[in-house]
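**Student:** Structure in structure tokens, see below.
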Amino acid sequence: MDLDTAIERAREGKFEKEDIERLLSPKNKEERSFILKKAKEIKEKHFSNEIFLYGFVYFSTYCKNNCRFCFFRRENKLAPRYRKDKKEIIKIAETLIREGVNLVDLTSGDDPYYNQNFGELLDIVNDISKLGCSVMVSPGVVDKEETNKLLDSGADWYALYQETHSPKLYKKLRINQSFQSRVKARENAAKTGMLVEDGILLGVGESKEDLANSIMTMARKNLAQVRCMLYVRHDGVPLRKKSLSADYPLITALLRITNPRKLVPASLDIDGLKGIEKLIEAGANVITSIVPPNFQLAGVAQHEYGIESGERSTNSVKSFLRKKGLKPASNQSLATYQQKMAENN
Ligand code: SF4
């Protein structure tokens with residue numbers, strides 16, 4: 001199949017599986033570069049040279065689950081465990097907002113403490129939402145009532161990653177967790193009016209068919225942000241890195257092409273600032289996992305990389321953007337985007 005036709009059909013949402021499989025298999029370097037170039041053009045058409053900045057507050061590293069790919073899985077004795085209190089979480093959020101992030105991403109493991117004390121999480125969300133920036137929450141699977149409470153407390157975004165949309169692979173990755181409950185939790189959140197993010201993990205044993213399936217599923221769902229992340233293996237984590245040598249920039253480009261108007265993040269969590277550039281060139285328009293130093297916070301995929309050195313700070317990211325001729329987006333710009341997406345929900 002002709003590459004131009006596959007890109008055009010993917011961009012217009014009129015794609016079939018063959019189109020995505022064609023884009024996943026460029027025949028040579030030139031074809032791959034062409035796909036990346038098209039993705040960047042689409043990003044520039046809809047978002048110009050603006051990049052949204054997301055601060056990351058991994059406030060609890062406790063988790064009741066045992067996902068095979070995760071450093072913070074319950075059984076990993078090597079993972080550092082902490083649970084920040086409300087005062088410190090607010091202080092971190094204030095620091096990030098003062099430095100200029102557009103959104104605070106409040107993330108934790110699926111921590112039994114917050115399962116039992118959900119009201120405390122709501123209080124934290126409520127206080128941060130009053131500080132003048134958007135709030136994303138990732139509390140794991142929550143029911144309809146909890147979703148409504150999160151929304152009422154001021155959460156704008158709900159992030160819940162499927163990691164793969166193949167039930168068979170999912171079962172091997174997210175041990176003893178329901179595939180369908182995760183799908184339902186995102187659907188419920190979208191119905192309440194929250195903006196929803198889904199994402200996939202690359203390098204965990206996925207086939208090309210699994211990837212095509214995930215890309216198509218995410219493009220057709222009611223999502224406002226779609227991401228892919230690369231699996232980084234650490235001590236104490238059972239999953240060996242496998243697959244297909246995952247082409248992270250190419251998959252990012254395909255997410256952009258199939259989701260022209262959605263946000264597509266590039267995470268500092270994989271390879272710091274040097275990893276970001278390739279993803280922005282492939283059409284990403286959000287930089288996530290900005291973590292301020294001096295708060296002893298962890299990242300997820302790379303729990304230490306670039307945090308205390310300041311590489312993942314807001315100022316380092318802003319200076320990187322300046323050098324690349326890119327512009328940090330304003331809070332108003334994110335608010336406008338959020339309103340537009342919420343109206344389409
Ligand atoms: S991916 Fe999330 S739910 Fe799974 S073990 Fe890690 S922190 Fe827990």
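Using N, Cα and C of the backbone, Cβ positions are placed for all residues, glycine too.
Whatever TrEMBL says is automated annotation, not expert-curated.
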**Student:** Which of Ser267, Ser309, Ser313, Ser316 does TrEMBL put in the same (3R)-3-methyl-D-ornithine site as Asp105, Ser138, Tyr161, Arg227, Thr288, Ser289?
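**Tutor:** Between Ser267, Ser309, Ser313, Ser316, TrEMBL records just one in the (3R)-3-methyl-D-ornithine site with Asp105, Ser138, Tyr161, Arg227, Thr288, Ser289, namely Ser267.
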**Student:** Suppose we screen the binding-site residues Cys63, Cys70, Ser138 by Cβ distance to ligand 1 with a cut-off under 6 Å; which survive, in sequence order?
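**Tutor:** Cys63, Cys70, by Cβ distance under 6 Å.
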**Student:** For the recorded S-adenosyl-L-methionine site formed by Phe69, Glu163, Arg174, Arg182, name the remaining residues of the chain with Cβ within 8 Å of the site's Cβ center, in chain order.
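**Tutor:** Once Phe69, Glu163, Arg174, Arg182 are set aside, the remaining close residues are Cys67, Tyr161, Gln162, Thr164, Tyr170, Leu173, Gln177, Leu201.
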**Student:** Around the (3R)-3-methyl-D-ornithine site recorded as Asp105, Ser138, Tyr161, Arg227, Ser267, Thr288, Ser289, what other same-chain residues have a C-beta within 8 angstroms of the site's C-beta center?
**Tutor:** Tyr54, Phe56, Thr107, Ala159, Glu197, Gly199, Met229, Pro265, Asp269, Val300
**Student:** When the Cα-Cα distance from Glu163 (S-adenosyl-L-methionine binding site) is computed for each of the binding-site residues Ser138, Arg227, Ser267, Thr288, which gives the smallest value?
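**Tutor:** Going through Ser138, Arg227, Ser267, Thr288 one by one, the Cα closest to that of Glu163 (S-adenosyl-L-methionine binding site) is Arg227.
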**Student:** Sort out for me which one of Arg174, Arg182, Arg227 has the most neighbouring CB atoms within 10 A, since those are the binding-site residues we care about.
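**Tutor:** Max Cβ neighbours within 10 Å, all protein chains included: Arg227.
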**Student:** List the binding-site residues among Cys70, Tyr161, Thr288 whose C-alpha is within 10 Å of the C-alpha of Arg182 (S-adenosyl-L-methionine binding site), in sequence order, or say none.
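**Tutor:** Hits: Tyr161.
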